[in-house]
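Asker: Pasting a structure below so you can have a look.
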Amino acid sequence: MPNPGLLVLFGSQTGTAQDVSERLGREARRRRLDCRVQALDSYPVVNLINEPLVIFVCATTGQGDPPDNMKSFWKFLFRKNLPLTSLCQMDFAVLGLGDSSYAKFNFVAKKLHRRLLQLGGSALLPVCLGDDQHELGPDAAVDPWLHELWEKVLRLYPILPGLDVIPPGVPLPSTFTLRFLQEAPTACSEEQHAATTDPANTPSELQPFLAPMVTNQRVTGPSHFQDVRLIEFDITGSRLSFSAGSVVLIQPENTDSHVRRFCEVLGLDPDQYFTLQAREPGVSCPVQLPQPCMLRHLVARYLDIASVPRRSFFELLACLSPHELEREKLQEFSSAQGQEDLHEYCNRPRRTILEVLCDFPHTAAAIPPDYLLDLIPRIRPRAFSIASSLLVHPSRLQILVAVVQYQTRLREPRRGLCSSWLASLDPGKGLVRVPLWVRPGGLTFPKTPDTPVIMVGPGTGVAPFRAAVQERVAQSMTGLPCASPGNILFFGCRWRDQDFYWEAEWRGLEERGCLVLITAFSREQEQKVYVQHRLRESGPLVWELLDRQGAFFYLAGRKVASLALSQLPTLPGSSRCCVSRWRHGPEGPCCAYVAHCLGAIIISHSI
C-alpha cells in the first residue's frame, strides 16, 4: 500500500505537547513516512475528512480546558450538526498529556478520543494518558504507547522494498539552514522588524506592543525571603483592552551573561548576521526573527537556553556529537532505560540547556548552526494576571510578580527567566520597553456589581481580585447597584508588615463599605493560620451568600484551592440542602453559583 502521509496535530500550552509531536514527526520520517506536524488551530479543520492517518497530541490545561492553540478546532469539532460519518475514512490515535493531581486529568484527550469515535473515526490504539506526576514524567506512558503505535502503522503502511528504517544515531536533515553574511546589513533589521508593528492592529504574539515600563517597585519588606514586584506599564495608544480576569503575556529575554556564555561554548560570533531558509517547501521561518538576523538577537530573544532540556534535546545532541564518551552518555540519557538517570541529572536539579552544553563541551563546540532551532525550543511568553482595572487606571496595566529563585544541589541558584528579567529592568535609568499583549483569562466576573463575589486569594494570588474589586467599585460609582456585602476577600500572607499587598487600598475600601476583608497572617502567632481557617470561621456568612444571594466563589492558587474546595461543603452554616446541591450540581435557578464553585477557578502565575 502506498505511503498515505501522516498528519500530527497538537494542542500545546507550555510546549510539551509540541515537543512530543515533533518527536513523532522525526520517528515517522525515520520510518520513511511523509509527515506534517501542525498546531490544531493552524490546520484547516474542514480538510480532516480527507486525512487517512492522524495522530492527535493534546494537553489539558486549567480545569479540563483545551490549550489556546486548539480552541477553535475544539469548538468546531463539537458542533452538533456534524454528520456521524464525517471521519469514517480516518485512522487515528490520541496522545494526552496531563497532571493526575488535577481532578480532570487528561480530560481533553479523553473527550477528543470519544468525539472522534462518534464521528466515525477508527482508533488504532486506546488513548495514551501521559502523567506529569509520574516519577519519569509523561514518557513512562508515552514510550510503550509509541512502540505499539509504530507497529500498527507499519502493518498498515509497510516501508517500501529497498528502504530501511533510518537508525537513531543518524541525524535527520535540519529544518532550516543559516546562511551567514560576510558584512553586516546597512540598516538594522531588528529595529526595522520592531517598526513593522501596525498600530492599527490589536497587539498579539506575532505583533506585541512594546510597552514602556513606568514603575518597578518591590512591595515585600526588606527582611522578607521573596522579592515581589508591583510593575506598571504605559499602554497609551496600544489598542489594548481588558477587564477583570484578563491576563497579560510577556515575552522575556535571556541575560547578557548567558548569551555570551552560550556563544563562547558553541564558538559563535554574537555579532554575525545570517539569513534563515527552510529546507522543505511549505515550512515557514519563525515570524519572530527578523531577516537578516543577528546571532545575538537569536540567542537573546528566541532560543530558550535557560529552560530545562527535554529528552528530545539529548537525542539530537547525541546524533551531532563527534566525541565518543560524550556521545555514549547522551545516548544513555535519550534512551528509555536511561530516564531515571536523566531525571537525576537534569529534571530534579533543574539543570538548564546552557549548563548541559557546558557539561558536554566537545559536543557543544561541534553543533552545526543549522540545527540550533531544532535543538533548542523558542522562549515562550509568560502569563500574569492583570492586577488593575482600566476604569481606575486608564492607559495603565499593572502586574504583581514574585521573583522566582530557589536552590537545588547545583551551585548556582535557579531563577525564573521572566520574573528575574522583569526585576532587573530599571525605568529610572532610561526608557525600558517590554513586549506584551493581553487575552481573556479563566476568570469571568458578574457583569453587575449587585451580585456578591467571594474571593480567596493568598499571596500573589490576590492580583486578579484587586482588578475585580477596582472594577466593581468603579461600576457601582457610575450608578450600577452594589450588593452589601458585595465584595468579600479572604487574603493570606506571612506577616502583616512584610507581604500584605495593597493594605492601604483594602483598608480604604473597607472604610467606604465597598469591601469585607478577612485576613490570615500565618506567622504572627504560635500556631499557623491560613485562609482556609478563616474560611471555616466565616462559614455562616459564606453559605448565606452562596445559598441565599447567588454569590460567585473564586479561588486562586492550586494548593489553597484544593484545601478550600474540600472544606467548603462542610463549613459551619451549610445546610443539608446546600451540601446536596454542592455535591450533585445545580437543580434550579437558586443554585446558579454551584457551577461556578464546581468549576474551581484557579489562577497560576507563570515564571
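Note: Cβ is positioned from N, Cα and C throughout, glycine not excepted.
Pulled the feature table from TrEMBL, pasting it below:
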{"type": "DOMAIN", "residues": "6-150", "note": "domain 'Flavodoxin-like'"}
{"type": "BINDING", "residues": "12-17, 59-62, 97-106, Asp132", "note": "FMN binding site"}
{"type": "DOMAIN", "residues": "206-447", "note": "domain 'FAD-binding FR-type'"}
{"type": "BINDING", "residues": "Arg350, Arg382, Ala383, Phe384, Ser385, Gly416, Leu417, Cys418, Ser419, Trp582", "note": "FAD binding site"}
{"type": "BINDING", "residues": "Thr460, Ser522, Arg523, Lys528, Val529, Tyr530, Val531, Gln532", "note": "NADP(+) binding site"}
Asker: Looking at the domain 'Flavodoxin-like' (6-150) alone, can you tell me the average pLDDT?
Answerer: 92
Asker: Among Ser522, Gln532, all listed as binding-site residues, which has the most CB atoms within 10 Å of its CB?
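Answerer: By the 10 Å Cβ neighbour count, Gln532 comes out on top.
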Asker: Max Cα-Cα distance in Å among Thr460, Ser522, Arg523, Lys528, Val529, Tyr530, Val531, Gln532, the residues listed as binding NADP(+)?
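Answerer: Per the listed residues, the maximum Cα distance equals 19 Å.
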Asker: Tell me which of the binding-site residues Gly15, Gly62 sits in the most Cβ-dense spot, judged by other Cβ atoms within 10 Å.
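Answerer: Buried the deepest by this measure is Gly62.
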Asker: Taking the Cα atoms as reference points, how far is Arg523 (NADP(+) binding site) from Ser385 (FAD binding site) in Å?
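Answerer: Counting only the Cα atoms, the answer is 26 Å.
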Asker: Quick one: of the binding-site residues Gly62, Tyr102, Ala383, which has its CA closest to the CA of Val529 (NADP(+) binding site)?
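Answerer: Result for Val529 (NADP(+) binding site): the nearest of the binding-site residues is Tyr102.
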Asker: Rounded to the nearest Å, what's the C-alpha distance separating Thr460 (NADP(+) binding site) and Ser385 (FAD binding site)? Just drop the number here, would you?
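Answerer: Thr460 (NADP(+) binding site) and Ser385 (FAD binding site) have their Cα atoms 9 Å apart.
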Asker: Please work out the number of neighbouring Cβ atoms within 10 Å of the Cβ of Phe105 (FMN binding site), leaving out its own Cβ.
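Answerer: Here the count is 18.
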Asker: How many neighbouring Cβ atoms, not counting its own, are there within 10 Å of the Cβ of Tyr102 (FMN binding site)?
Answerer: 20
Asker: Drop a 10 Å sphere on every Cβ of the binding-site residues Ala59, Ala383, Leu417, Val529, Val531 and tell me which sphere holds the fewest other Cβ atoms.
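Answerer: Least crowded of the binding-site residues Ala59, Ala383, Leu417, Val529, Val531, by Cβ count within 10 Å, is Val529.
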Asker: What's the CA-CA gap between Ala59 (FMN binding site) and Ala383 (FAD binding site) in angstrom, rounded?
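Answerer: Cα-Cα distance, Ala59 (FMN binding site) to Ala383 (FAD binding site): 17 Å.
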